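Peer 1: The structure that follows is given in the form of structure tokens.
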């Protein structure tokens, strides 16, 4: 039996260590993604890291380090297609770019583990997790800095429909809710309709928003008494 003839304990243990390292590092990255309810969470990042490590490790054992370099190039290309599957476009908003980049980094972690660069795999993991956690407050702070209206690439509007009698208090409510969410307002317009309703359109002074957070703000507004409908949209500036 070929397995009995070719089995070697030390190379096998080496593969175990490589795959285990990829599993642990992929899990560390995936836990943060799972906690934030991203489409590619714990299992996906673990599988990407372990898969990359397995391909590279097998190539190295069969054909040596030179062949493992070629396999790493294939892994980079293959994970690119996988990452494209988690990128979604919703109107002018593109979601999933960070998740796709994280999958790409998980593959890099696996590739490093596959060629026994375990310290480097752990180092990459630390930087990936730091990028997804420590930079988040900074990104949110930058996104909420008021920008010059003429230089903004996107116009973000929150539209709340109410009755003509409730325009005053609902206007104050919209301004306060957006202020509490740290989204400065550049302007609030009123568009009356013939059926007695009025659209309050709040134009944000920020050039980007967190879609999930904005959905929560809009849903909270829609649940308020006197609010008939609430929605938000972003459009490209001229």
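Backbone N, Cα and C atoms are what each Cβ position is placed from, and that goes for glycine too.
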Peer 1: Any idea which of 41-59, 136-154 is down as transmembrane segment in TrEMBL?
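Peer 2: It is 41-59 that TrEMBL describes as transmembrane segment.
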Peer 1: Restricting to the domain 'MgtC-like C-terminal' (158-232), what is the model's mean pLDDT?
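Peer 2: Mean pLDDT, the domain 'MgtC-like C-terminal' (158-232): 88.
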Peer 1: Short question: most Cβ pairs under 8 Å with the transmembrane segment (7-29), which of 41-59, 71-88, 108-135?
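Peer 2: Against the transmembrane segment (7-29), the leading stretch is 108-135.
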Peer 1: Using a Cβ cut-off under 8 Å, which residues of the same chain at least 6 positions beyond either end of the transmembrane segment (41-59) come close to it?
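Peer 2: For the transmembrane segment (41-59), the nonlocal Cβ contacts are 14-15, 18-19, 21-23, 25-27, 29-31, 33-34, 67-68, 70-72, 74-75, 79, 82, 102-103, 106-111, 113-115.
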Peer 1: Which residues, given as numbers and ranges, are at least 6 beyond the ends of the transmembrane segment (108-135) yet have a Cβ under 8 Å from it?
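Peer 2: Same-chain contacts beyond the flanks: 14, 17-19, 21-22, 25-26, 28-29, 32-33, 48-57, 60, 65, 68, 72, 75, 98, 102.
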Peer 1: May I have the DSSP-based helix, strand and coil counts for the residues of the domain 'MgtC/SapB/SrpB/YhiD N-terminal' (19-139)?
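Peer 2: For that range the per-state counts are 98 helix, 6 strand, 17 coil.
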